[in-house]
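Engineer: Would you mind keeping the following structure in view while I ask a few things?
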Amino acid sequence: MTKQAWKNKTIVTEFILLGFGNGPELDGLLFLLFLSIYSATITGNIFIILLMVANRHLHTPMYFFLGNLACLEVCYSSNILPRMLLSYLVGERSISVLGCFTQYYFFGCLAAAECYLLAVMSYDRYLAVCKPLHYPSRMNGKLCLQLSAASWISGFLSNSILTFLISNLDFCGPNEIEHFFCDSFPMIKLSCSDTQVVELVTSVVAGVCSLPPFLLTFSSYIYIISTVMRIPSATGRKKAFSTCSSHLIVVILFYWSILTVYVLPHHSTQISPNKGFAVFYTILTPLVNPLIYSLRNKEVKEALQKQTSKFLAYRQWFSVKKG
């Protein structure tokens, strides 16, 4: 949409993100809290990416998808948390209309891509655990690239529709968004246009992007857990079940919060979506995914020890040469 079109159509030129409705006395505490979470999220995910690139033993389909997930989480968190941190640091909670739609566009694209990518990862684990003899031939390099690309492309295409529809609404005031980032339903509620069609399309697209991947992911883990329970060794069964259950808990929390906010019916009396649910899929999931999916794996621990040994050996060689 051109700048002139925005001027003719939209009275509101900026939105105010109300955040968590806290007072100024809590801004410093929340800034430190979210700064710590953002730092840990970025450090953990980038570390996983670098470790998987540097270690040839991790060049497998499973870790290829984990690397994609880590990259997605870096982009996901960086789309929301830096803007929130700035608002707590300088007290500036306004955001331009164009900036708000840009943030929503990338948020929606990345959230949808994560839904598809989690489903792909669960399918990969299903083949590895339940169909081990067919796994090498089915999950080859070409298929891995195709599934990864499909997850990213599908996410970006699906939210393009919603962003286009919402951006064509009229916003005549008020301009206060009852949320900590620019999201669809809080923005739609500020519009002075007829929003029934847009709300319906938003719920439908969100359902298509989240419900089928959730069912595929959940079904895959049910088959995986069923296969794990038939392992003769009690120790091996306990270890495999612990890993699978951790994955499943994170997946359920992620999908449950998204389905609750975007797919369940929204009544006109509702002021805003539950920001507590939004914290799960925007802040907590990117933080815990590196721990749950990667750092608990034996292969990752071995690769970490190997890279650490190499670093210490290089450091010792450099000190000797320097001395």
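Indices start at 1 and increase along the chain as displayed.
Cβ atoms here come from the backbone N, Cα and C positions, even for glycine.
Found this in TrEMBL, in case it helps:
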- 44-293: domain 'G-protein coupled receptors family 1 profile' (DOMAIN)
- 29-51: transmembrane segment (TRANSMEM)
- 63-81: transmembrane segment (TRANSMEM)
- 101-123: transmembrane segment (TRANSMEM)
- 143-166: transmembrane segment (TRANSMEM)
- 200-224: transmembrane segment (TRANSMEM)
- 245-264: transmembrane segment (TRANSMEM)
- 276-295: transmembrane segment (TRANSMEM)
Engineer: May I ask which of the stretches 29-51, 143-166, 200-224 has the most CB pairs under 8 A with the transmembrane segment (276-295)?
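Structural biologist: The stretch with the most contacts is 29-51.
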Engineer: Ranking 29-51, 101-123, 200-224 by Cβ pairs under 8 Å to the transmembrane segment (245-264), which is first?
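Structural biologist: Stretch with the highest Cβ contact count: 200-224.
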Engineer: Can you find at least 3 Cβ pairs under 8 Å between the transmembrane segment (101-123) and the transmembrane segment (143-166), where each pair is 6 or more residues apart in sequence?
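Structural biologist: The answer is yes, given that the two segments have at least 3 Cβ pairs within the 8 Å cut-off.
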Engineer: Determine whether the transmembrane segment (143-166) and the transmembrane segment (29-51) share at least three Cβ pairs under 8 Å, counting only pairs 6 or more apart in sequence.
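Structural biologist: No; fewer than 3 Cβ pairs under 8 Å.
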Engineer: When you scan the chain for residues with a C-beta under 8 Å from the transmembrane segment (200-224), skipping those not six or more beyond its ends, what do you find?
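Structural biologist: Residues packing against the transmembrane segment (200-224) from afar: 111-112, 115-116, 118-119, 122-123, 125-126, 129-130, 154-155, 158-159, 161-162, 165-166, 184-185, 188, 244, 247-248, 251-252, 255, 258-259, 262-263, 265-266.
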